[in-house]
Amino acid sequence: MVGREKELSIHFVPGCCQLVEEEVNIPSRRVLITGATGLLGRAVYKEFQQSNWHTVGCGFRRARPKFEQVNLLDSEAVHHLIHDFQPHVIVHCAAERRPDVVESQPDAASQLNVGASGNLAKEAAAIGAFLIYISSDYVFDGTNPPYTEEDIPSPLNLYGKTKLDGEKAVLENNLGAAVLRIPVLYGEVEKLEESAVTVMFDKVQFSNKSANMDHWQQRFPTHVKDVASVCRQLAEKRMLDPSIKGTFHWSGNEQMTKYEMACAIADAFNLPSSHLRPITDSPVIGAQRPKNAQLDCSKLETLGIGQRTPFRTGIKESLWPFLIDKRWRQTVFH
């Protein structure tokens, strides 16, 4: 369904230009995306926009000109944004997602991951909007996978704790909200450092220098466009069925260590991998990580919700713009 609004546009004709008022179609379903400048947020914004939703994204440092600039710690600004736009759905992607940064800046991380999330849930409840809070597999300690939504969380690091506390703040302030736990993400990055998966590409490409790669932690790399599709499917199902709420899991289904991901990346681009060295010891530097926090996704699958991109396909799409050897890019893609 769409509504109609009037919009001004400039028409150029020989000798003059005219300001013309035209009717344009505006989708009637409204969605607000927080963290829309980030890797996941960009994908979620694109997914809803291309599916005929009236989509507004907000960010902070990189917001302008495409997105609304909003500090989520400013409760008054958040209130005005939500009450002015009146979204049917809010997808809350904004977070401090880097475990080591959370350890070094715990107060700032807690304000964003917990405080801002609870406030957003309260504002969503006030206008009857369906809130999807993006959480993490790091709420589990990784000792007894796979984890269902009913398993009791036990985070190992402060990042996992802030995400779990964020879940509690959301569900306490909004009984109709949904929590979507997801694992490590990758996708169309603006820079390699944007994802813990894509950041390995330089080490893969510089084959003249050996590189140590973690071969201890089991990960399930998941494409952001798959998570975005799940968010949209969840939102559309909720608009038909108010019982869609609570906690859900989504994840890719290919189990890999960072070493195995790096080898798969090398293989996808026909690059050598003999310089990559698997390290099987538990990492001793940085925030503690769960060994295997695999998520059981059967709850969403039973609802008919899901999408999975094979890792080799997704990583090739994501990384080819960062290829150092441009000859390979030309022969494969042109």
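A Cβ is built for glycine as well, from the same backbone N, Cα and C atoms used for every other residue.
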31-46, 111-126, 319-334 - the one Swiss-Prot records as region 'Required for interaction with MAT2A': 319-334
Most crowded position, judged by CB atoms within 10 A, among Arg62, Arg97 as binding-site residues: Arg97
Averaged pLDDT score, the region 'Required for interaction with MAT2A' (319-334): 68
Rounded Cα-Cα span from Thr309 (phosphothreonine) to Leu185 (NADP(+) binding site), Å: 12
Per DSSP, three-state class assigned to Leu185 (NADP(+) binding site): strand
